[in-house]
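Features of the protein shown, as given by TrEMBL:
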ACT_SITE  Lys156  active site, proton acceptor
BINDING   Gly54, Trp56, Asp74, Asp92, Asp116  S-adenosyl-L-methionine binding site
DOMAIN    22-199  domain 'Ribosomal RNA methyltransferase FtsJ'
Amino acid sequence: MLVFIMKEYRDHYFLKAKRENYPARSVYKLKELDAKFRLLRPGQKILDLGAAPGSWSLGAAEKVGSKGLILACDIQSTETTFPPQVTFMQEDVFDRSSAFETKLQELGPFDLVISDMAPRTTGTRFTDQARSLDLAVEALAVACLYLKPGGGFVVKIFMGPDVQELLAPMRQAFATVKSFKPKSSRAESKETFFVGLGFHGKPDQTDPVATPPGR
């Protein structure tokens, strides 16, 4: 019975996304985050990390409107057709090309950085959590370089024992840090979203938040 209920629950969001012309059900997580924290506003500039297949960029584009802009990137390509205010680039966030860095500087600083990045899962919880943490920490590093003072940050992570490696620098960088698990997330999923509000401003380049290990 539980399997049937969970399948029906998953199908609800999958079918809803298809009806509303989104490429993935993940858009409803962003909508819940926005409803909770009032993240998206007309005219904003947004950086979307881990954007493929494009649901978050499409959902954000609806809210920022034609006067806003979204720079979206993912290591994977996407066939999604985006509105004019969305620019998609196929990029590895750990090995950013000079063209992407130029575009970040050209379009930034941003009002909001959002990251739905997730690793390829192995089925080994510790490995998946560690890889998710690496992605989240790198997303934070990018946010700290390209956010406007007062800006916001949303990042997904698979919860694990080392989550303080993300939370400690987030609390340094933002006035407020909150956690949130959307109802549209699968109940059995270990994913959680952390939201940073009130960015304090670009840190010194020697700050560990701005220059994480391995960069």
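Each residue's number is its place along the chain shown, starting with 1.
Heads up, the Cβ atoms here are built off N, Cα and C, so glycines get one too.
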Seminar exercise, completed: In whole Å, the longest Cα-Cα distance within the recorded S-adenosyl-L-methionine binders Gly54, Trp56, Asp74, Asp92, Asp116 is 18
Seminar exercise, completed: With the fewest other Cβ atoms within 10 Å, the residue among the binding-site residues Asp92, Asp116 is Asp92
For this session: Sorry to bug you, but what's the C-alpha spacing from Gly54 (S-adenosyl-L-methionine binding site) to Lys156 (active site, proton acceptor), rounded to the closest Å?
Result: 16
Exercise. Taking the Cβ of Trp56 (S-adenosyl-L-methionine binding site) as centre, how many other Cβ atoms lie within 10 Å?
Worked result: 28
Problem set entry | Cβ neighbour count within 10 Å of Lys156 (active site, proton acceptor) | 22
Exercise. Are there any residues in the same chain, six or more apart in sequence, whose C-beta is under 8 angstroms from the C-beta of Asp74 (S-adenosyl-L-methionine binding site), and if so which?
Worked result: Leu49, Gly50, Ala51, Ala52, Phe88, Gln90, Glu91
Seminar exercise, completed: The correct three-state DSSP answer for Asp74 (S-adenosyl-L-methionine binding site) is strand
Problem set entry | Other CB atoms within 10 A, centred on Gly54 (S-adenosyl-L-methionine binding site) | 24
